[in-house]
Amino acid sequence: ASAAVSVSPATGLADGATVTVSASGFATSTSATALQCAILADGRGACNVAEFHDFSLSGGEGTTSVVVRRSFTGYVMPDGPEVGAVDCDTAPGGCEIVVGGNTGEYGNAAISFG
């Protein structure tokens, strides 16, 4: 099974809200990192590296919490340049929570603000 990510709540979010991120189907990963990213016009993710959460996976599953921001300073992942302020309301692809496993597996789930 491929990696899956769910976020609760995922819509109508307030700036600074805490969401619960659940990951499953991470077949080979034992730990993961969750963070918020905005999707740029070219399809790259510009992520909020200031607020990321490492968590452990057991049987390919795990849960963590992430604080979400309507706007933040985005960095192209995994080690790319700072792209400046990004806003989830105006980002071409909106925003999502991305979970990356320690073996390169990843999944994502869209979020939106109220």
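The backbone N, Cα and C atoms fix where each Cβ goes, and this holds for glycine too.
Here Cys37 is paired by Swiss-Prot through a disulfide bond, and of Cys47, Cys88 its partner is Cys47. Annotation for the disulfide-bonded residues Cys37, Cys88, Cys95: lowest Cβ count within 10 Å of the residue's own Cβ, Cys88. Counting Cβ atoms from all protein chains shown, Cys47 (disulfide bond) has 28 others lying within 10 Å of its own Cβ.
Calculated from their C-alpha atoms, the gap between Cys88 (disulfide bond) and Cys37 (disulfide bond) amounts to 9 Å.
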